[in-house]
Each structure stands twice: as C-alpha cells, then as structure tokens.
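Taken verbatim from TrEMBL:
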BINDING   Arg30, Arg31, Ser32, His59, Trp149, Lys150, Thr151  FMN binding site
DOMAIN    27-180  domain 'Nitroreductase'
Amino acid sequence: MVQAKDIEVCEGKQGLDPKKRPVAELIMARRSVRVFKPDPVKREEIIDLLNVAVWAPNHGNRQPWRFILVMDEARTAFADAVLRTYTAEEREKVGAQRHAYLAGVPAQLIVLQQEDPRPKQREEDFGAVCCLIQNFQLAAWEQGLGVVWKTNPYIHDPRFRSDLGIQPGEKVIGVLLAGYAEAVPPARPREAAESRLTVLDHFPLSK
Ligand SMILES: Cc1cc2nc3c(=O)[nH]c(=O)nc-3n(C[C@H](O)[C@H](O)[C@H](O)COP(=O)(O)O)c2cc1C
C-alpha cells in the first residue's frame with residue numbers, strides 16, 4: 001500500500017528515511033481510500049485496530065466514544081437506511097448507484113462522540129474522537145487496509161440515527177469506510193507548514 005510516489009511530496013525537505021521515521025512515513029503515505037475490493041475484512045481485524053485507536057489522547061481519560069460496526073449481511077440494511085434519508089429526486093437520480101456502493105463496502109464503522117453537556121469538555125471530547133479516528137486510519141493503513149472518513153449529510157438525519165440505534169446525546173463524528181483498496185488516489189500536496197507559521201522569538205511583539 002505504501003507507495004514511493006506518495007511520499008515524494010515531502011522528500012528532500014524532510015530528509016525522510018522511512019527506517020528512521022516510520023511514523024512520519026506512515027502519516028504522509030496514508031491516503032483516503034474510496035474504492036474497495038470486494039474481499040471481506042475480518043471483524044477481529046477492525047476490533048484490533050480499534051484497540052490501537054483508543055490510545056488516542058483524551059482529556060480526563062473520559063474516552064468519549066462508542067462505535068457501531070456494519071459488516072456482512074447488515075450492509076444492505078445499512079444502505080437501505082442511508083437511502084431512506086434521500087429525497088425522492090435523489091433516490092431517482094443516484095439511489096441505485098449509491099446503494100450498490102454502500103452495500104459493497106466491506107466494513108463501515110460509525111464513530112460516535114458522547115456529548116458532554118459542558119461546552120469545554122464537549123470540545124475536548126470532539127478533539128479526542130478526531131485523534132482516535134486518525135489513529136484508526138493510520139493503524140489500518142499500516143496493515144494494508146484502506147479507510148475513508150465520511151461525513152455525508154445522512155449522519156445528522158433523525159431517521160438514520162433511529163435506525164442505527166444512535167442515542168440522544170451521541171453525535172456521529174464520522175462513518176469510516178474500510179476495506180482493501182482497489183484504487184489509491186494520488187496525494188494532494190500540502191503547503192509547507194512554514195507558510196502558516198508564526199514564530200514568536202521575542203515578547204512582547206511591540207519591541
Ligand atoms: C472531518 C473530515 C471529514 C471528511 N469527510 C469526507 C466525506 O464526507 N467524503 C469524502 O470523500 N472524504 C471525506 N474526508 C476525507 C478527505 O476528503 C481527505 O482526507 C482529503 O481529500 C485528503 O486526502 P487524503 O486523506 O488522502 O490525504 C473527510 C476528512 C475529514 C478529516
């Protein structure tokens with residue numbers, strides 16, 4: 001899965017040596033995968049990756065997450081639930097194609113945040129869940145499994161929430177589509193961080 005062309009974007013500047021910087025290489029090589037082989041993914045593999053991902057930093061060790069894993073026969077019912085959120089026009093236009101796509105994704109993981117009523121904690125918890133998702137994506141890529149983090153409008157739909165058993169006070173942060181990659185998109189270059197960096201080497205600024 002790791003392709004040399006994917007890390008060229010940052011080569012030279014970073015003096016990247018995968019042997020010395022395996023985490024850096026993994027971060028830069030990972031791509032969002034949207035086209036999957038039909039090969040099944042083992043449930044144990046997803047659970048193993050989640051058990052890596054839960055080592056995400058999270059304030060107060062609140063571990064503010066919950067997961068719903070959609071696999072095997074449940075995939076068709078999941079695609080049905082997504083399509084129920086579409087307008088008649090959308091169903092007519094893209095329904096069949098979307099249904100076939102969703103029902104064919106080997107595994108879909110719905111990642112939920114438990115919404116703390118306290119704004120500060122809720123914000124921290126959102127950050128923690130995002131860290132967990134990136135951990136999952138990286139750990140999956142390392143194992144040769146492709147993932148894309150999806151935030152389609154259906155995640156907010158009350159009917160979808162009810163169909164999936166999502167409780168009041170739980171927020172869908174993403175649906176992670178996972179499987180073996182049929183196609184890996186090329187890397188979209190990132191701007192060098194320096195262009196967005198302000199270094200404060202003296203203080204106060206007015207001096
Ligand atoms: C919060 C968040 C939401 C995203 N939602 C979607 C989505 O709904 N559909 C999609 O195709 N990709 C989605 N992505 C993936 C981005 O499109 C992807 O990360 C971006 O194109 C950069 O590509 P890369 O991940 O291969 O580097 C999302 C990513 C993040 C972080």
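Positions of Cβ are set from backbone N, Cα and C atoms, glycine also.
Heads up, TrEMBL stuff is auto-annotated, nobody curated it.
Projection of TrEMBL feature records onto the structure.
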residue: Arg30; record: FMN binding site; DSSP (3 states): coil
residue: His59; record: FMN binding site; DSSP (3 states): helix
residue: Trp149; record: FMN binding site; DSSP (3 states): strand
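Cβ neighbour density within 10 Å is lowest for His59 among the binding-site residues Arg31, His59, Lys150. Highest local Cβ density among the binding-site residues Arg30, Ser32, Trp149, Thr151 belongs to Arg30, counted as other Cβ atoms within 10 Å over all protein chains shown. Residues Arg30, Arg31, Ser32, His59, Trp149, Lys150, Thr151 are the ones the record ties to FMN, and the longest Cα gap between any two of them is 28 Å.
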